[in-house]
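Q: As annotated in TrEMBL:
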type     : residues                                                               : note
ACT_SITE : B:Lys207                                                               : active site, proton donor
BINDING  : B:Ala10, B:Gly11, B:Leu12, B:Gly13, B:Thr14, B:Val15, B:Gly16, B:Ala17 : NADP(+) binding site
BINDING  : B:Lys107                                                               : NADPH binding site
BINDING  : B:Glu192                                                               : L-homoserine binding site
DOMAIN   : B:351-437                                                              : domain 'ACT'
There are 2 protein chains.
Amino acid sequence: MADPLKIGIAGLGTVGASTIRLLDRRANALAASCGRGVTVTAVSARSRTRDRGLPMERFRWFDDPIALARDPGIDVFVELMGGEEGAAHEAVKAALDAGKPVVTANKALLARHGVDLARRAEKAGVALNFEAAVAGGVPIIKTLREALIGNNIDRVYGILNGTCNYILTKMEAEGLSFDACLKEAQRLGYAEADPTFDIGGFDTAHKLALLTSLAFGTQVNAEAIHVEGIERITTEDLLAADELGYRVKLLGVATRSEAGVEQRVHPTMVPKSTPIAQVDGVTNAVAIDADAVPELTLVGPGAGGEATASAVVGDIADIARGQAGAPFGRKTGDLEPLPAAAMQAHKGGYYVRLSVADRPGAAAGIATRMAERGISLESIVQKHRGGKVYGGDDPSKVAGAVPVILITYATTEADIRGAVDAMVSDGYIVETPQLIRIERE
Amino acid sequence: MADPLKIGIAGLGTVGASTIRLLDRRANALAASCGRGVTVTAVSARSRTRDRGLPMERFRWFDDPIALARDPGIDVFVELMGGEEGAAHEAVKAALDAGKPVVTANKALLARHGVDLARRAEKAGVALNFEAAVAGGVPIIKTLREALIGNNIDRVYGILNGTCNYILTKMEAEGLSFDACLKEAQRLGYAEADPTFDIGGFDTAHKLALLTSLAFGTQVNAEAIHVEGIERITTEDLLAADELGYRVKLLGVATRSEAGVEQRVHPTMVPKSTPIAQVDGVTNAVAIDADAVPELTLVGPGAGGEATASAVVGDIADIARGQAGAPFGRKTGDLEPLPAAAMQAHKGGYYVRLSVADRPGAAAGIATRMAERGISLESIVQKHRGGKVYGGDDPSKVAGAVPVILITYATTEADIRGAVDAMVSDGYIVETPQLIRIERE
């Protein structure tokens with residue numbers, strides 16, 4: 001049997017500590033699977049003295065993760081510090097430039113510097129693995145990079161952020177407001193004190209950028225993603241979705257068509273019958289439409305120390321077995337520049353919730369604005385006339401207003417936005433309209 | 001770039017022809033991913049003249065698949081003939097013994113000869129890949145063999161046969177009998193003229209045997225599997241399941257406990273809320289309970305030429321990249337003999353449907369027999385007294401009988417069988433009792 005593979009880990013938070021524990025627990029199985037042992041020999045973290053529930057004296061300690069990354073005593077550098085710049089970035093570059101394979105869970109780093117880092121890995125002929133960066137314990141990177149290589153992929157989409165899915169699930173199940181559910185998520189540790197990164201859709205966008213590259217063979221381009229968060233979703237929207245046969249999920253969606261590659265993150269109505277609609281709480285799910293495998297869905301834990309560590313260990317094992325596929329599935333020179341499709345050209349159905357002034361001509365005015373843009377309606381629901389409007393952003397404005405919900409057939413983003421803007425200009429609409437895109441199977 | 005990898009394919013049915021088409025369609029992506037081209041150079045099939053919608057003159061033709069397997073002009077042998085003995089078996093052995101990696105979709109062959117073939121692959125230092133053998137386009141083999149290596153796995157279970165799932169889904173949705181739905185499945189090409197292999201659970205058992213080995217690091221042992229088919233499921237069972245919050249699926253289930261490894265294939269009641277309960281039609285699904293990844297579910301097309309060919313192409317690409325992990329995740333010498341747990345020791349809840357003679361003392365007699373064995377009941381449903389009994393196997397016997405449905409808390413197979421046998425001996429039961437095991441999350 002070959003010498004054990006010597007691992008250096010930078011970052012000993014929940015994921016780092018869990019990685020050490022899994023490597024211990026599965027030492028025999030790893031050796032049997034990889035034909036060589038895997039052993040952590042050196043670590044780096046912010047605090048040397050913090051109690052991690054692990055005997056630390058068996059590891060060489062580095063105050064500086066960059067020094068660890070370059071250390072000749074390690075064979076693989078595992079980056080679990082996080083952050084798209086600074087120490088994590090420098091350390092990963094240092095490891096690759098020193099010819100060491102890298103495993104990282106850092107989606108922000110890869111979303112920003114993925115192609116450059118892949119180029120460095122390629123130059124050194126080493127692996128840059130990042131299964132843990134997307135959907136935690138769900139092996140979506142390996143599936144796209146290896147298993148589905150026989151397929152042209154048309155679409156990849158998923159629930160990639162457990163915080164958002166937890167909040168939406170709880171709002172729906174208990175009829176509570178967004179703010180109340182966010183507070184509960186924070187109390188349970190599912191949301192950060194500053195939750196913007198999760199609820200604003202930015203975390204999902206970073207993950208989507210990586211999936212897009214792998215699915216379509218394009219350069220990672222997170223800048224091109226249209227991002228909306230879940231802050232404006234109300235319980236009224238969730239109730240209406242339920243009545244109409246949908247559920248609302250924050251999705252990251254990437255599609256390829258003649259218009260180019262569309263990447264978007266936003267609250268989305270999905271038909272209840274789809275596997276993705278049935279994913280609740282902090283669970284993640286990714287669905288792939290491929291030409292030979294028409295719909296493949298992977299569902300599992302998207303976060304948590306152990307689930308994420310499972311992905312890290314899988315990546316380490318691939319390196320121990322000698323696997324070193326290209327980080328984004330092909331040489332960086334073969335990755336095409338992303339032909340970004342304009343969001344205004346997006347085609348699909350829309351849910352539109354309007355607070356309409358309760359006066360003559362309003363309904364006709366709305367219908368006219370839709371017709372002008374050639375938008376057909378699949379359903380119109382007008383609720384409790386003159387009653388209470390749930391979730392309005394300014395209750396003082398909506399006294400006497402009538403909530404109207406429209407579901408459109410496929411139209412374009414430009415047309416629906418144009419029609420709704422015209423209605424607002426006409427003065428019929430007394431609240432900021434709510435638009436939610438519909439994603440069909 | 002290295003020389004193209006030369007592929008020989010034996011078996012040109014739907015999957016074989018689709019494999020050739022996918023390799024053509026994705027030639028550039030494959031070369032980019034693998035660092036070398038992949039090209040089919042030789043084929044073998046029963047009929048040389050059959051029109052497969054493909055130009056065949058570019059391939060060298062072999063009447064004898066074993067000669068193809070040994071041919072020095074090919075680098076990889078792809079076996080898509082099927083059959084657990086005969087030509088497929090001989091050809092795969094010949095290829096491995098000649099030092100050629102093998103890709104196969106043949107679950108029957110692997111369920112019977114898996115360990116021997118893995119040993120030959122190991123001796124030659126080549127790959128034996130079989131992603132296509134289980135759940136078609138769903139990458140469950142790669143997930144167990146590589147992605148989840150950091151986990152101890154406690155259970156793997158799934159819907160592995162599209163024919164059975166189609167029939168059960170249709171019976172449930174349309175209230176049609178098993179026989180009617182089987183005929184429809186045959187008409188649509190989802191079931192064979194002789195459907196025994198599918199509906200009897202044997203196909204599921206072959207696939208389960210492979211998953212068990214990969215999940216638990218044990219030798220493949222299909223002989224140890226307890227197998228029941230779906231032939232005795234009635235619409236009454238499906239209706240009762242629905243009312244009680246369950247759906248009925250033919251599952252393959254493998255669990256590991258102190259008692260050993262339990263492998264079983266049978267109709268199973270699963271709570272409606274589980275992802276696996278929501279899988280309809282010919283779709284397959286596999287769920288894995290692992291210690292770091294508590295529940296991971298993969299859902300996708302389990303059959304069909306293109307979906308299965310996608311798995312074959314993924315396996316070929318892994319070989320082209322130089323990956324050659326052990327077929328069952330570790331060296332054959334490290335695979336433990338399967339410590340088979342006795343089916344009588346199985347613990348779980350049961351659904352019991354009885355046709356009870358409508359006479360004094362029957363209910364007390366049944367309750368006594370359950371109590372004697374220490375079996376607690378979660379629910380008891382007694383339906384339309386004296387009415388028609390659906391799904392009875394002998395209508396003449398059940399006039400005046402009362403259908404009674406019991407759901408038990410966890411008990412053992414030995415106890416529930418003992419209790420039901422005693423009831424039958426007591427003379428209260430007028431039809432063969434129906435027992436369906438319950439699988440909880």
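Here the Cβ of each residue, glycine as well, is placed from N, Cα and C on the backbone.
Note that this is a predicted model, so its numbers are computed, not measured.
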Q: According to DSSP, does B:Ala10 (NADP(+) binding site) fall in a helix, a strand, or coil?
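A: Where B:Ala10 (NADP(+) binding site) sits, the three-state DSSP reduction gives strand.
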Q: Under DSSP, the domain 'ACT' (B:351-437) has how many residues in helix, strand and coil?
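A: Each residue of the domain 'ACT' (B:351-437) counted once, the result is 28 helix, 26 strand, 33 coil.
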Q: Just jot down the residues in the same chain as the residue listed as 'active site, proton donor', at least 6 apart in sequence, with C-beta under 8 A of its C-beta; none if empty.
A: B:Lys107, B:Ala111, B:Ala133, B:Val134, B:Ala135, B:Leu160, B:Asn161, B:Gly252
Q: In the structure shown, with every protein chain counted, which of the binding-site residues B:Ala10, B:Leu12, B:Val15, B:Ala17 has the densest set of Cβ atoms within 10 angstroms of its Cβ?
A: B:Ala10
Q: Under 8 Å between C-beta atoms and at least six apart in sequence, can you list the same-chain neighbours of the residue listed as 'L-homoserine binding site', or say none if there are none?
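A: Spatial neighbours, sequence-distant, of the residue listed as 'L-homoserine binding site': B:Gln186, B:Asp198.
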Q: Between B:Gly11, B:Gly13, B:Gly16, which of the binding-site residues has its C-beta surrounded by the fewest other C-beta atoms within 10 Å?
A: B:Gly13
Q: Within the chain of B:Thr14 (NADP(+) binding site), which residues six or more apart in sequence place their C-beta under 8 angstroms from its C-beta?
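A: B:Gly304, B:Gly305, B:Thr308 - these are the non-local Cβ neighbours of B:Thr14 (NADP(+) binding site), listed in sequence order.
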Q: Please classify the secondary structure at B:Ala17 (NADP(+) binding site) using three-state DSSP.
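A: B:Ala17 (NADP(+) binding site) sits in a helix per DSSP.
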Q: Please work out the number of neighbouring Cβ atoms within 10 Å of the Cβ of B:Lys107 (NADPH binding site), leaving out its own Cβ.
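A: The answer is 25 other Cβ atoms.
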Q: Which secondary structure state does DSSP assign to B:Lys207 (active site, proton donor), in the simple three-class scheme?
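A: B:Lys207 (active site, proton donor) sits in a helix per DSSP.
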Q: Cβ within 8 Å of the NADP(+) site's Cβ centroid: which residues qualify beyond B:Ala10, B:Gly11, B:Leu12, B:Gly13, B:Thr14, B:Val15, B:Gly16, B:Ala17?
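A: So the additional residues around the site are B:Ile9, B:Ser18, B:Thr19, B:Ala45, B:Leu80, B:Met81.
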